[in-house]
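Novice: Here's a structure for you.
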């Protein structure tokens, strides 16, 4: 009689050994895998031990091919995964998105009978979303869902909207999958429009959401209010704000900050003051952004006293001002023409003033042209800190030079080491330039000697500034000394140096010396530029050597150096002064052919040519496109 109950074993042949009585088989017995546990509703429960084992294999640093190892493991144990378990594995692999995505593809193609569902797709989308993956990857996943006939759920739509997929496409998918949009979906859609700067569409989506009875959270309300305010949609801002209060969503400090900023920019003083009072009465704690916004609004409406009062309240509440706060206060005082109250501001903020703040104030005041106020702040910094701020010192030095206070600039330069600031060649060049512009060359030599004594090596800019300055006041010998010093030293002259020397030598009557320097320049491999040629042409022209000037012009063209309108004006002037009217007219025709537009100097020369000419010449200005025209009457 056969047994009615028996244990069934499964196995695979491990070896076969021949023998006289027949082959002997060695069988490896595999236990039948236990059935997948189910919950009370009949859904498969994830096997935690299996999820942990799979995640451990995939994360193993010792294996170069973790997916192949996983495949072997599952095959050897005759195991497969459910979609819920695959979702849990992907969660365990976070934040390694590439590994999770690799496992996602592996499960779909290598596990027998496996099929992804909306939840496993949502899991991989969540990982991609958190790691700010390219939306194109999400598009590929959606295409796979469509191909395999896997309908998404409302969470899928929400994730796709959040990842930046086009809103219209997301709505089409929701319609195709037969989904009903919920409040969270509408919130995502509003945010998506606002992130894309489609403020009006965002407001329309909000209106649609409101009609369906859904509400926003405080974050999205503030996001919508901010976007509407920046777009100038004031009426809509007030409408959303009232909706917000009616829906029992209490405005926070950021909400009131948005409203105060908008009202302040619009000049609605009463409105933003009422918002400020409401904000305080609601118990909202003002943060740095709120204080800055209120102070800025007060300043724009020229309420200087209230702005200073709000700054004092900010300090009393232990809210530390930042650079933007000081920038606002400078604008408030400057707009209200009350910069004399700057020390009052500094006294209020005395506990928060450091070298960085002083440096910013000095630089900002110098940049805006308030040199005396910058000097006042600088003096406070000098007395308050043992070490100075390099940027502040440089800004102050520049302000003194721009204000033509060269003596004070030199004194400041010499005092910098007292505050731990090392002087450099750029600082000296700044003062040399200011001295040169004011023709105060008597201070240059002593400052130059002091510079070298302090171990600061002059550069080519130093020499160029000094050579140019000495040449302008006629001290050509002094300029020549510096030029020779450059040639003998490590800092060699450049084209600008040669141009300065040629200019001063030529205008001083040493035309031969200037021409020799020009030749020397070419021999040493320097390419003369348009300024070099223009200088020499002018010098030869004024010495009545017009032929030499014309020869230089031809050489200039041959060397590929393109003349500008200044060069043409110089040569035209030379020809006119020598009475070479015909040549001057031909030369003018060449100027027009080159596409250059004559300027007022050209016109003045042409008028002189007219008075010399035996025939009547009419000179007129046509449109700016055609330039000047000379035509016989």
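Using N, Cα and C of the backbone, Cβ positions are placed for all residues, glycine too.
Just so you know, TrEMBL annotations never went through curation; they're auto-generated.
Copying in the features that TrEMBL gives for the protein in this structure:
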REPEAT    117-152  repeat 'PPR'
REPEAT    182-216  repeat 'PPR'
REPEAT    217-251  repeat 'PPR'
REPEAT    252-286  repeat 'PPR'
REPEAT    287-321  repeat 'PPR'
DOMAIN    352-450  domain 'Pentatricopeptide repeat-containing protein-mitochondrial'
REPEAT    354-384  repeat 'PPR'
REPEAT    389-423  repeat 'PPR'
REPEAT    424-458  repeat 'PPR'
REPEAT    459-493  repeat 'PPR'
REPEAT    494-528  repeat 'PPR'
REPEAT    529-563  repeat 'PPR'
REPEAT    564-598  repeat 'PPR'
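Please situate the listed features within the shown structure.
Specialist: Beyond the ends of the repeat 'PPR' (117-152), by six or more residues, the same chain brings 83-84, 86-87, 90-91, 94-95, 97, 100-101, 104, 107, 159-160, 162-165, 173, 177-179 to within a C-beta distance below 8 angstroms of the stretch.
Within the model, the repeat 'PPR' (182-216) carries an average pLDDT of 92.
With a threshold of 8 Å between CB atoms, the same-chain residues lying at least 6 positions outside the repeat 'PPR' (217-251) that come near it are 187, 190-191, 194, 197, 199-200, 202-203, 206, 210, 258-259, 261-262, 266, 279, 282, 284.
Cβ atoms under 8 Å from those of the repeat 'PPR' (287-321) belong to residues 253-254, 256-257, 260-261, 263-265, 267, 269, 272, 276, 279, 328-329, 331-333, 335-336, 338, 341, 344-345, 348-349, 351-352 of the same chain, restricted to positions at least 6 beyond its ends.
Mapped onto DSSP helix, strand and coil, the repeat 'PPR' (354-384) counts 27 helix, 0 strand, 4 coil.
Sequence-distant contacts of the repeat 'PPR' (389-423), counting only residues of its own chain at least 6 positions beyond either end whose CB sits under 8 Å from a CB of the stretch, comprise 355-356, 358-359, 362-363, 365-367, 371, 374-375, 378, 381-382, 430-431, 433-435, 438, 440, 443, 447, 450, 454, 456.
For the repeat 'PPR' (424-458), the DSSP-based tally of helix, strand and coil residues reads 25 helix, 0 strand, 10 coil.
Sequence-distant contacts of the repeat 'PPR' (494-528) (same chain, at least 6 residues past either end, Cβ-Cβ under 8 Å): 460, 463-464, 467-468, 471-472, 474, 476, 479-480, 483, 486, 535-536, 538-540, 543, 545, 556, 559, 561.
For the repeat 'PPR' (529-563), residue counts in helix, strand and coil come to 26 helix, 0 strand, 9 coil, using DSSP.
Taken residue by residue, the repeat 'PPR' (564-598) breaks down under DSSP into 26 helix, 0 strand, 9 coil.
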Novice: Can you count helix, strand and coil residues in the repeat 'PPR' (217-251) using DSSP?
Specialist: 26 helix, 0 strand, 9 coil
Novice: By a Cβ-Cβ criterion of under 8 Å, what residues six or more beyond either terminus of the repeat 'PPR' (459-493) are in contact with it?
Specialist: 425, 428-429, 432-433, 435-436, 439, 441, 444-445, 448, 451, 500-501, 503-505, 508, 510
Novice: Same-chain Cβ contacts of the repeat 'PPR' (424-458) under 8 Å, 6 or more residues past its ends?
Specialist: 394, 397-398, 401-402, 404, 406, 409-410, 413-414, 416, 465-466, 468-470, 472-473, 475, 478, 491
Novice: Same chain only, please: residues at least 6 beyond the ends of the repeat 'PPR' (252-286) with a C-beta under 8 Å from a C-beta of the stretch. Say none if there are none.
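Specialist: Beyond its ends, the repeat 'PPR' (252-286) has Cβ neighbours at 218, 221-222, 225-226, 229, 234, 237, 241, 244, 293-294, 296-298, 300-301, 303, 314, 317, 319.
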